[in-house]
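As recorded in Swiss-Prot, the features of this protein are as follows:
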- 1-238: topological domain 'Cytoplasmic' (TOPO_DOM)
- 260-263: topological domain 'Extracellular' (TOPO_DOM)
- 239-259: transmembrane segment (TRANSMEM)
- 88-197: zinc finger (ZN_FING)
Amino acid sequence: MRIFRPWRLRCPALHLPSLSVFPLRWKLPSLTTDKTMCKSVTTDEWKKVFYEKMEEAKPADSWDLIIDPNLKHNVLSPGWKQYVELHASGRFHCSWCWHTWQSPHLVILFHMFLDRAQRAGSVRMRVFKQLCYECGSARLDESSMLEENIEGLVDNLITSLREQCYGERGGQYRIHVASRQDNRRHRGEFCEACQEGIVHWKPSEKLLEEEATTYTFSRAPSPTKPQDETGSGWNFCSIPWCLFWATVLLLIIYLQLSFRSSV
């Protein structure tokens with residue numbers, strides 16, 4: 001007796017080739033770096049801003065900017081210098097679940113080298129990723145940074161480059177608003193930089209110095225004001241005032257007791 005199998009029927013007018021059956025595997029991308037990272041950090045915008053500003057800062061030297069997703073923190077070849085931007089602001093877009101979020105804790109790593117004999121230098125750059133806390137996968141969206149944000153970050157890079165490679169002093173770093181602490185908790189378990197041991201959600205040293213200077217100037221007494229005038233205000237916590245308020249309280253209690261006894 002033959003068994004009827006409808007899936008073996010073939011139409012003489014239309015024959016579709018058989019498809020090989022393969023198992024479906026659900027796998028979440030890990031924090032390992034891949035080549036897609038190079039295309040997601042708007043390489044052309046970074047190079048455009050960097051080349052324009054370096055042409056103004058050092059027109060006699062030739063510099064190149066390379067996106068290197070395999071760059072390691074504190075792992076430097078001889079002659080190379082390092083600069084880390086700890087508090088950049090960027091927008092992440094998850095290509096898996098389409099979740100989008102803004103992060104003020106974006107970490108960018110730079111390695112710099114200058115060949116003085118050839119008058120040529122090279123900068124390698126890596127933008128650390130963050131995992132999506134909705135599904136566990138994320139990549140940096142191409143429209144993650146505005147042009148003015150990139151310009152500020154490049155200014156800081158060039159300031160560090162001139163200090164470390166050229167021995168110049170007197171540069172000023174731009175302290176981004178994102179470097180200030182906010183109410184949002186940074187999730188280190190989803191951050192690629194945190195997983196590699198880069199602590200960056202705390203205020204940077206530049207920010208702490210700025211706040212300490214502001215605090216010192218704002219709290220320092222005025223030099224034109226005499227010393228005896230600084231304590232001439234009304235101090236309601238002094239001993240005479242404490243005795244006065246105690247007397248008033250006892251008087252109120254005495255009046256209340258007298259009123260109750262009369263009733």
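Cβ coordinates come from backbone N, Cα and C, glycine included.
When pLDDT is averaged over the zinc finger (88-197), the result is 81. Helix, strand and coil counts under DSSP for the zinc finger (88-197) come to 28 helix, 34 strand, 48 coil.
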